[in-house]
Amino acid sequence: MSSPSPTLVLSEMEKGELVWFDPGVGHALPGEVLEYHKPAQVLTVQAVIAGKPQVFSLTSTNGVRRRQDLGQNGIEDMIQLSDLNEASLLWNLKIRYDKELIYTYTGSILIAVNPYKMYDMYGLDMVKKYEDQILGTLPPHLFAIGSAAYSALPRSSQVVVISGESGSGKTESTKLVMQYLAAVNKSPSNLITEQILEASPLLESFGNAKTVRNDNSSRFGKFLEVHFKEGVILGAKVTEYLLEKSRIVTQAPEERNYHVFYELLSGLSEENKLKYGLLSADKYFYLNQGGNCEIDGKYDNEDFQSLMSAMQVLGFTSEEQDTIFRILASVLHLGNVYFHRKQLKHGQEGVEIGSDAEIRWTGHLLQLNVDGIKQALTTKTTEARNERLLTALTIDQALDARDAFAKALYSSLFAWLVARINHIVYKGTKKTTAISILDIFGFEDFKDNSFEQLCINYANENLQFYFNKHIFKLEQQEYAKEKIIWQNITYADNLPVIQLLSKKPVGILHLLDDESNFPRATDLSFLEKCHYNHALNELYSRPRLNVPEFGVRHYAGPVWYNVDGFLDKNRDTLRPDVVELLIASSLPMLSKMFLAVRSNHEANKTMNKSNGRFVTMKPRTPTVSARFHDSLQHLLESMSRCNPWFVRCIKPNNDKMAMKFDMPIVLEQLRYSGMLETIRIRKTGYPVRIKFQEFAERYRYLLPTRNLPPRGAPSRELCSLILEKHSGEYQLGTTKVFLRENLERLLEHDRATILRKAAITLQRNVRGFLARKHYINSKKSAVKLQAAYRGWRERKKFMKMRKGIVCAQAHFRGKRQRKRYIQLKEEMKKRAEMARERAKLKAQKEEQEKSSCAVAGVNHLDIPAELAFIFNKLDDWQPIHNERQLVKVVGPIIEKSENYALPSDIDQHAFSKFTNIYFKSHVWGMKREPIKTPFLNKNKDSDFTDSLALFKLILRFMNDDSLNGKKEQALGDYIAYKGISNEKLRDEILCQLVNQTWRNDVVANNERGWLLMANC
């Protein structure tokens, strides 16, 4: 990595000189020369190790070279290192890391060393500090990259590429960049921004897990595109890559399954645990294989509450949440399904399920037929010649079928979650620019590396190639094209590794695809083909022992891959009968998920059939590696259309310990990432390239006004005038200006200063104009106020005077009126007393007249002869029957046969309406004298006469207080008898009684009228 340094002559070493030397620890140490012993040619050097000074005697100058003093806090931008070598890079990062300065620039590239703890350096105050600032003007920070990308957004779309090993802090860096963009977002509404932010913890729960190297390792790739328009976030889109499905069913020691399982079991209430049939995490085979179900410093219960909050912000319905939890619980129940061998007919071996309870829970949760689940796990359905054949599975095949079932459930749920999030936050925006953030799995090298690690490392090879292409290849090609003076810098090109893995027709991934489409192919046959085709490739390694492995020399070092399970993982096919079983679920969400799986599978088969090599070939099922390769190429194409910003994450140690800086581990990462070559090309190269016209328009303000050429002058000439005092920091090509990053920052700073001064001048003039205008308006207003005040003051004096006069007048008038009032009051009092006396006399007179009329008026009325005869015989009459002749009969109570009710329109038939029609000769109202004509029309003279006689009897009954006892009863019965015996008189009697009770002021007489009416 480092360039050879000139050999130092021992005699040139002076006391107190600063040097780098390697005492055999694998990396250089900073030291200070104490003395040089000339006879023995021994150099004595002192170095501080672990806070203690130690002395080393060096007999050779190998590895000894002069060094630059890096200061107490190191150097913020490493392209400013004059002593450019591995040691200076390594120790500069260590010095800064020990001072808790985890960020360092390499030009526009940010190096972030994972501190394994959180700092209070990401608040809103820090966002404001870095907002709209030029990169490099403030100390290195992740927000500075976010600010630079946001500032460049109006010109073109941007992409922030965050790369590094697993455990280097990529996921946290991604979240922090997104938080910065959300904070500087100019949208008046925060809902869409909040939803984008909440998508991150949701996907983290479902897509991250604990590995040996990282407690929160991303087990999928994520490409987040945040769309902006005029500084406002309009929406976002998430693209996921290669979820690690094998982790769902198996984990290595000290590892865990995906976080969401443990969060679910820790956060659910006891009631909901019973609902889903769940227990503690250590009771499930899919969760307890790693040995420890907990992570220090991670609180699964709190994270579950955050997950629920994220679902609510994203608008997940309660039905969707329930289905999600049902699927997760089903995966856990499936993991606890076990099998027993069972002997079938004809000597065949089959299996039977030994845990019916788990199958029933799975069927209940997924709303599936239990027998269908059992059949899917114990048999295989094949179609041949239009016939369906059921084949019993062996116990290993049954376990594989169980695991495939579980993986299909979880991976389909994860794909649904991503699609659901995109449906909520992605608005299909057009004509917008975007800031994309790439958070993809880091390079991995475990004790046992499988198919997943091959795909992950292939993705990292492509990202390293993308980095090299932008930092080295394209840049140096541009130098040659523009014919500037430049000496090429060599760098480690990893294109041969990518070709080994993916070049047609014999790249490792293509060989794997070919074998995956042969039914009889095995993992070993794939390995043999790899050995055969790549045995002579220096980047490919065969094992010395007979083990199923092959090795690849990646840019980050050699990795050995175990091919066990390669073909099955690459095929990743779910049997059609299992897909149909899941489609038949009564859960709408689950059914739609697998309808989409079936549609995608059929679409891919159709596409492959149309692109097949021969017409007679069976359509190929797209493999995992083929799909991943295509999606990766699409990702790289998308990134190539954006302006890139690179964040290199460094893992300081393998123990996940805070503030521990392991020098060999960091040095290895610096070497394979090509950081020294990156610094060299950034230091000596010209990474900033701007066309003449654009440069002239942007920086013409930097020239003094007197030196400004006319508008029509050539752009190249204007560029030369602007840059003439910065010789050595730029070159002019044939169409572009090439600048070093330091010069660009200086020009941007000067331009910002000039624009700021111009803005201040404009503001000063505008404010002066506004102030003058305000003064004139204020002066006019003051004159108006003074005039108004003077008028108000005079009016106030007048009103005060007027008020005094009015008060005097009021006092005089009041006195006069009070006197008059007293006189009137005395007069009114006398009049009132006289009126009361007159009213009292009148009332007494009326009462006397009323009493005399009431009694005298009825006593003289004649009665019919037959009634008079009855009155005379009343005293001698005895009743025919008495109580002794009565017999009490108790019988059944007759049930009421029907309900009687008043007509609904009874209010429409008022008696007053009847009187208006039929009372021809009478006015409605009580009468004290006998009537001369009946109330109703009578055709017979006898009825006419009887009607008049009856009215007289009614008057006697109601008004004669002397009636009582037998006479009163006989009179009432006689009136009733007349009505019963002559129907013409019935209505007449009713009308007379109603007339006499209407507004009758004599209460006793009125009650006797109502009594008579009730008896009739």
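Cβ coordinates come from backbone N, Cα and C, glycine included.
Owing to the predicted nature of the structure, the values given are computational and were not obtained by experimental measurement.
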When TrEMBL is consulted, the range among 356-378, 632-654, 747-769, 862-884 described as region 'Actin-binding' turns out to be 632-654
Sequence-distant residues near the coiled coil (818-851) by C-beta distance (under 8 Å, 6 or more away from its ends) are none
Ser168 (ATP binding site) -> DSSP, reduced to three states, gives coil
List the helix, strand and coil residue totals of the region 'Actin-binding' (632-654) as derived from DSSP.
9 helix, 8 strand, 6 coil
Using Cβ atoms only, which residues of the same chain lie under 8 Å from Lys170 (ATP binding site) while being at least 6 residues apart in sequence?
Ile162, Ser163, Gly164, Ser218, Asp439, Ile440, Gly442, Cys649
Which residues, same chain and not among Gly164, Glu165, Ser166, Gly167, Ser168, Gly169, Lys170, Thr171, have a CB within 8 angstroms of the centroid of the CB atoms at the recorded ATP site?
Asn114, Asn214, Gly442, Cys649, Lys651
